[in-house]
Amino acid sequence: MGSKTPEHERQRNGNDPSGSIKNNATNGEPRGAHLSRDGDTSVGNDGGDDDDDDDAAVAGLGCDISKIISPSGPTAASKKKKRKKSKKKTPSLKQSSPPRVPLAELFPRGQYPSGEIQNYGYVAENTARTMADEVRYQSRRHLQDDTFLNDYRKAAEIHRQVRRWAQDSVRPGQTLTDIAVGIEDGVRALLDNAGLEPGSCLVSGMGFPTRLSLNNYVAHYTPNPGQKEVVLQASDVMKVDFGVHINGWIVDSAFTMSFDPTYDNLLAAVKDATNTGIKNAGVDVRISDVSAAIQEAMESYEVEIKGRTFPVKAVRNISGHNIEHYRIHGGKMVPFVKNSDQTKMEVGEIFAIETFGSTGRARLVDGPGVYGYGKDPLAPKKVISPLASARSLYKTIDENFGSIVFCRRYLERLGVERYLAGMNSLVSRGVVEEYAPLMDIEGSYSAQFEHTILLGESNKEVLSRGEDY
């Protein structure tokens, strides 16, 4: 989920790390972010797991198999084998399509696969922390908790399985509402949490409303009630950005779908830039160095559209970001262009490393309509307003979303009615922020790829990495 840079921020009122993209799309198949149909060991040919899930989970968690099998035990040669009666093997449970099997049923031992582990390849500069560093580090001690890490890996596996279904199923002619609802229903089903009871969305659910941004709409578009229904076209380039959270820790990952080979190089540029950002990120690394590497990778590409050649430009005024508890945008930003920010990444931090590339001006403006809303984390528990609808709505927001971003579609799913006047009042008082779609010039095209990474002492884990990207 792209974060606005300060110059653009509106004021309130009141598993292919190389980045290459194979040309494997024909007859309307999605391009650039499509998993192999018959080689996915995570979710199987039809969304399930072909192998034993718990064995995969143990392997993913780095379990040493030599510690399970004693080397001093009898060998096959010294112990006579007894012939056993053959038993019918119980078929392993697989994910359905659309995804509806709770992930806990696919992983009954409750251990989930790790993401991609990347070693830093360097020695961190700071062997001793300053007092301020130590205070920040102590505030992230929960990152050493096995339950925390396993929950994060579970959220990442849900993201992989749901996006696999989307990549296999989404086709031109579908409405953006149907696509968004399909993704969100899949996430809730795999979490085994419908999110309809007060407080249940805070236990687990969507990290933010699903973004389906087409062409020059670069980011922050979701279908909402009252808007004109949009139908996906074969000529569209669609950014798919959604988040999954468990206990307030959000996996934020995005990919781009295209059905026309014309845009392959655009997608390749952005995928390469994102992987370059991930490769360069690490403890004690300056954010400016990561940004410079991203821009260099991105802007080495160009794309030919209808006989004209366009350079792929890194978008200037949104950025990647760190992720905090129940907050998709923390206090650190990772721009996609060279800058002078000397801020360093720190051990235990979680970052959404993402990039956006555009064939337009690469400088975004607010588009028409509303994407979603977010309650100020520092807002009071109760709000004073002459409007009863505003007070009631604020209570609903606090109980169901807290500081997690939500949209009108989510309110109506909860059965909330006639909320616009109350919402306008909350926005004007500054306790709720309103977010608009972000767009480049008409006629331009844009792409996005994104992963969530966790910075450890000696390596980083790309939590959301999959075989697709």
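Including glycine, each Cβ sits where the backbone N, Cα and C put it.
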Residue in D241, D264, D440 which TrEMBL records at the divalent metal cation 1 site where D252, E450 also bind: D241
D252, H321, E450 bind divalent metal cation 2 per TrEMBL; candidate in E349, E354, E412, E417 listed for that same site: E354
Distance [Cα-Cα, Å, rounded] between E450 (divalent metal cation 1 binding site) and E354 (divalent metal cation 2 binding site): 4
Nearest of the binding-site residues (H220, D241, H329) to H321 (divalent metal cation 2 binding site) - Cα to Cα: H329
Distance, D252 (divalent metal cation 1 binding site) to H220 (substrate binding site) (CA atoms, angstrom): 13
Most Cβ neighbours inside 10 Å, all chains, among the binding-site residues H220, H321, H329: H220
Number of Cβ atoms other than its own within 10 Å, given for D241 (divalent metal cation 1 binding site): 27
Other CB atoms within 10 A, centred on D252 (divalent metal cation 1 binding site): 30
Binding-site residues compared (E354, E450) - the one with the fewest other Cβ atoms within 10 Å: E450
